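Database features, via TrEMBL:
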BINDING   A:T97, A:S98, A:F126, A:P127, A:T128, A:D129, A:D195, A:H198, A:Y220, A:W250, A:T276  pyridoxal 5'-phosphate binding site
MOD_RES   A:K221  N6-(pyridoxal phosphate)lysine
Protein chains: 2
Amino acid sequence: MSELAVRAEKSDAADELAGLRERFVLDEAVYLDGNSLGALPAAVPGRLDDVVRRQWGSLRIRSWDESGWWTAPERIGDRIAPLVGAAAGQIVVGDSTSVNVFKALVGAVRLAGEGRDEILVDATTFPTDGYIAQSAARMTGCELRPVAPDEVADALGPRTAAVLLNHVDYRTGRLHDLPSLTAAIHAAGALAVWDLCHSAGALPVGLDAHGVDLAVGCTYKYLNGGPGAPAYLYVRRDLQDRFDSPLPGWNSHAEPFGMRTAYEPAAGAVRGRVGTPDILSMLALEAALEVWDGVSVEAVRAKSLALTDFFLECVGAYVPEGVVESLTPAAHAERGSQVALRCRDAGAVMKRLVERGVVGDFRSPDILRFGFTPLYVGFADVERAARVLAETVG
Amino acid sequence: MSELAVRAEKSDAADELAGLRERFVLDEAVYLDGNSLGALPAAVPGRLDDVVRRQWGSLRIRSWDESGWWTAPERIGDRIAPLVGAAAGQIVVGDSTSVNVFKALVGAVRLAGEGRDEILVDATTFPTDGYIAQSAARMTGCELRPVAPDEVADALGPRTAAVLLNHVDYRTGRLHDLPSLTAAIHAAGALAVWDLCHSAGALPVGLDAHGVDLAVGCTYKYLNGGPGAPAYLYVRRDLQDRFDSPLPGWNSHAEPFGMRTAYEPAAGAVRGRVGTPDILSMLALEAALEVWDGVSVEAVRAKSLALTDFFLECVGAYVPEGVVESLTPAAHAERGSQVALRCRDAGAVMKRLVERGVVGDFRSPDILRFGFTPLYVGFADVERAARVLAETVG
């Protein structure tokens with residue numbers, strides 16, 4: 001057994017989070033794609049079966065009240081809240097991330113008020129944020145300016161209404177400095193909208209502590225909610241009264257069953273709701289979130305950094321120099337919970353890795369992505385992944 | 001046994017659709033709320049369990065390709081298409097009805113072109129359509145005019161860009177004349193957007209035959225897709241190239257995995273997609289749609305009219321005159337698949353009906369709604385419902 005394999009074994013033995021793996025359905029593969037689709041939490045199949053057979057099949061419409069269907073978006077939002085550093089009453093679950101980006105960005109421009117007609121967007125963003133930001137700009141009479149996150153501070157000006165940024169870059173895994181960027185945006189009188197898709201559930205976010213204005217995120221990566229599980233929208237409490245949604249569906253009405261012709265927005269986070277909540281997916285997510293019971297995000301972050309450090313070390317030891325290049329920052333303060341390696345023929349390499357039981361993913365044009373989910377990935381997994389990678393590219 | 005009960009028995013014996021009831025999970029109650037939440041199709045629990053345990057739990061991300069997750073929105077759209085009289089390639093499933101109303105209405109205004117800055121909306125609409133239409137009008141610089149459906153023809157003018165109408169009124173059950181209204185809208189140079197929530201799966205719609213421009217609908221009423229199941233968007237084939245979505249998420253990109261900075265819309269119905277599809281709910285819907293195998297919508301319509309006719313007859317025979325008043329048109333050409341009865345203390349009456357195993361619903365302020373789903377409601381159910389109603393209000 002190599003020295004690294006021995007160290008991996010010791011680290012696993014000392015890992016206080018190691019037991020959480022039992023809360024998931026996993027197999028022999030090393031699953032390093034939880035940053036794309038989280039593994040199945042063991043509680044989900046049974047819960048969903050109850051939702052389908054009893055709540056839908058037997059109680060039917062009574063479940064809107066009796067099974068808590070109607071209030072699921074805000075109840076599940078409150079369950080996500082501590083994971084992203086938010087007090088209760090500021091998050092609702094529903095719709096896709098893209099739709100929530102639209103709500104958040106149009107809402108932010110309206111909150112910014114007259115005379116501010118420019119939106120800045122992370123130039124390296126996952127594409128959908130950029131596409132939706134373009135539409136939000138077009139429909140609010142704003143100009144959209146793509147700006148690299150480290151140039152945001154210089155780009156801010158008196159015209160800036162809102163800035164849409166990713167907490168962690170989807171390709172490189174770079175963690176952006178949410179506290180200082182948010183402070184700079186506020187100093188310029190603009191609103192900060194953060195996309196937490198690649199950070200929520202992997203590291204502390206601190207939405208309330210850092211005064212973030214609006215945020216969105218998906219729930220199918222580190223939150224393990226299932227394929228295409230509903231996303232969420234955070235609106236800071238003191239902005240909620242003035243939040244003016246571009247998608248004011250009946251679920252956001254102050255009295256949804258009053259069936260009024262005139263729209264009157266509900267108070268609170270509920271104002272971010274739109275249409276009838278997607279109950280099957282939503283309650284699967286609720287069951288999935290139980291894996292977080294008793295888990296501290298700080299402990300998850302500590303293990304995540306240890307895992308990515310160890311992976312980079314193993315790759316350095318096993319893979320011949322020059323074959324792969326890490327795009328993920330070495331500094332902890334700049335690293336999310338994934339490692340991106342640039343590599344020739346990355347698509348073909350990833351295919352072979354998957355065949356050999358090491359599951360990451362490929363991102364165009366030349367990137368191998370490996371996500372490290374501290375709830376179910378261990379150090380021996382990491383050592384094995386690096387070893388198989390070395391054999392595959394060697 | 002009363003004469004009506006005898007007739008009910010005979011009608012059930014002669015009903016060619018009676019066997020379809022076995023495709024659902026039902027109990028002793030008379031379920032007349034399928035116009036709110038369709039009953040559970042028997043195929044759903046097993047299918048969803050496979051989706052969760054095998055497709056998500058075991059195949060994980062491979063399922064995006066191998067289990068057909070990625071193409072589900074258009075594949076399931078094609079399964080809905082024949083039920084609403086559409087050829088394949090014009091419907092995508094996803095998002096809520098409200099979100100799809102926004103896409104359709106903004107898309108319609110953009111298709112209408114310069115100089116048209118007015119949206120007409122059904123003044124009696126289910127509220128969400130009106131709220132979303134208001135937002136669509138605001139964000140496209142249009143004026144919104146609520147108009148009763150029978151006044152639409154007179155209200156149309158050279159400024160009209162688009163008209164949003166409900167095929168069946170959610171309260172009264174009135175069926176609007178889609179062919180002639182669509183023709184009138186076209187004659188005025190405007191686009192017709194239809195909301196099919198209360199007609200799809202209950203009666204023939206004929207989207208293609210009548211040249212409807214855009215349409216939306218939910219899938220949890222007569223299509224039995226489950227609570228909050230994803231809605232759908234129809235864009236007529238010859239408009240698709242110019243359809244300009246206000247929610248151009250990455251799923252609508254010509255090359256979604258190219259991760260391009262510049263947005264380039266996909267061809268076809270796929271252009272109506274937005275974010276990552278909500279797979280659990282979507283594949284539950286796909287299983288639910290199997291109940292339509294071999295079923296003709298025309299036969300469903302014939303039975304639906306026979307059921308509502310018979311219900312009105314039984315109510316007339318059993319309930320003392322003046323106690324309830326039907327708001328549902330007597331003429332078949334103006335009737336959907338529900339009966340709305342105005343009644344004093346309607347909320348309390350419905351509560352007692354539900355306790356006695358007759359499940360309809362209450363709509364503010366004074367309406368008892370009874371939906372008739374020909375796939376699983378029989379004539380004896382109808383007679384029993386009217387009898388219990390008479391005992392309850394008597």
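Residue numbers in this text run from 1 along the chain shown.
Using N, Cα and C of the backbone, Cβ positions are placed for all residues, glycine too.
All TrEMBL annotations are machine predictions without curation.
What you are looking at is a predicted structure, and each value in this text was computed from that prediction instead of being measured.
Across the residues annotated as binding pyridoxal 5'-phosphate (A:T97, A:S98, A:F126, A:P127, A:T128, A:D129, A:D195, A:H198, A:Y220, A:W250, A:T276), the two Cα atoms farthest apart lie 30 Å from each other.
In the three-state DSSP reading, A:F126 (pyridoxal 5'-phosphate binding site) counts as coil.
Within its own chain, A:Y220 (pyridoxal 5'-phosphate binding site) has A:L37, A:G38, A:G226, A:P227, A:G228, A:A229 as residues 6 or more apart in sequence whose C-beta sits under 8 angstroms from its own. DSSP classifies A:T97 (pyridoxal 5'-phosphate binding site) as helix under the three-state reduction. With a 10 A radius on its CB, A:F126 (pyridoxal 5'-phosphate binding site) counts 20 other CB atoms from all the protein chains. Note: the CA-CA distance between A:T276 (pyridoxal 5'-phosphate binding site) and the residue listed as 'N6-(pyridoxal phosphate)lysine' rounds to 24 Å.
Comparing A:T97 (pyridoxal 5'-phosphate binding site) with A:K221 (N6-(pyridoxal phosphate)lysine), their Cα atoms are 12 Å apart once rounded. Secondary structure from DSSP puts A:T276 (pyridoxal 5'-phosphate binding site) in coil. The number of other Cβ atoms within 10 Å of the Cβ belonging to A:T128 (pyridoxal 5'-phosphate binding site), over all protein chains shown, comes to 27.
A separation of roughly 16 Å, to the nearest angstrom, links the Cα atoms of A:T128 (pyridoxal 5'-phosphate binding site) and A:K221 (N6-(pyridoxal phosphate)lysine). In the structure as shown, the Cβ atom of A:T276 (pyridoxal 5'-phosphate binding site) sits within 10 Å of 25 other Cβ atoms. Separation of the C-alpha atoms of A:F126 (pyridoxal 5'-phosphate binding site) and A:K221 (N6-(pyridoxal phosphate)lysine): 14 Å, rounded to the nearest whole number.
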